[in-house]
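To start, the structure itself, in C-alpha cells.
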C-alpha cells in the first residue's frame, strides 16, 4: 500500500511539476542599454550647469551594465607643481625634519620634497610634487549632487537565444509598437513588459532609498528571467523582471561603503601648459543579469525518466518493508501479517519455515 502511495506522488512530480518529459537548454543572451535624462545644478564653484547623458554615464558603454553618476567631488584646474599635501596623521608636520624627500605612501597625492609648509592658517603639512591643488574628499556632498538622477530612465534591450531549439526572442515584444515604447515606464502591475525603467523605481523596488544610496553609490541588479515552456506558443515566453541591491549595506560594517572611482579631464592652454579637472564620481552601477531555462518535449528524457521511475518503485517497496517491519511500534503485528508460518511434518513438528505471503 505504501509503495502505491509513493508511486502516486513520484509520477506526477517527475512528469508534471519537474517536466521530466522535456529536453532543456540554458539561455544565451546579449544586452544593450541607453540612459536618458537632463538635470540642472547651480553651485558657487560651477555656477549654473546642465548635466546630460555624456556627463554622468561613465563610460558610455559597458558589458551588461551601466554606471550613472549621482554625486561628485570636483578638483578644478590642477597643474603639476609643488604644494602642501592633504593633512592626515602621516602628512602633518611641525619642522622640516618631519618630511622625507622622495617618500610616497599608498594614500599620497604626490612625492614629498622634504619641505614642511603651511596647508592653512593652523596646519602645516609636508610639501609634495603632485597635481596641485591636491584633492580634498573628506566631506562628501549631502544631499547628492545629482538628486534628479532618480527620474532618469534606462532602456534595456535584451536578445536571447536557446541554441538546442533554435529559438530566439527579445524583451521588446511583438505587441509593443513605437508609440507605446516612447511613453511607457515599467510598472509590475500596469506595464510589466515595458523595457524602460525609471532609476528611482528600480532602487525602490529593491527596498532601498534612492537619495540615500545616491550619496555614496552602490550596485543594483536588474534581473531578467526567461523561463520558457516551448511546448506552448512562443507568445507565452516572456521576460520577468526583478530587482535587488548587490553591494552589502550593513550598518555594522561602514568601512569603504558604496561605489566610487576617479578620472580626469585634461586641457592645454595656448602656452602648452597642461591642466586637468579631477573627478571623484560616486554613483550607482546597474548590472543587467539574464538567466533562464527552456524546455521542450523529447523522447529520450521521457524514456530515461520512465525507466528511472520503474527502478525506483522496486527500491520503494524494499524501503517500505524495512520501515514497517523494523521501525514502527506495531512491527510485530505487521510481521505476523506479512509472514505465515507452516509446519513441515517431514522435518518434525517443532521445525517450521517462514514463507512470504
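Yeah, the Cβs are placed from backbone N, Cα and C, and that goes for glycine too.
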(message) Between 306-328, 329-351, I'd like to know which one TrEMBL lists as transmembrane segment.
(response) 306-328
(request) Using all protein chains in view, find how many other C-beta atoms are within 10 Å of the C-beta of residue 153 (ATP binding site). (result) 16
(request) Please work out which residue of 93, 126 has the most C-beta neighbours within 10 angstroms of its C-beta, and give that one of the disulfide-bonded residues. (result) 126
(message) Measuring Cα to Cα, how far is residue 194 (disulfide bond) from residue 262 (ATP binding site) in Å?
(response) 34
(message) Please identify, among the recorded positions 83, 99, 151, 228, the one with the smallest Cα-Cα distance to residue 35 (ATP binding site).
(response) 151
(request) Using C-alpha atoms only, work out the spacing between residue 126 (disulfide bond) and residue 261 (ATP binding site) and round it to an integer in Å. (result) 26
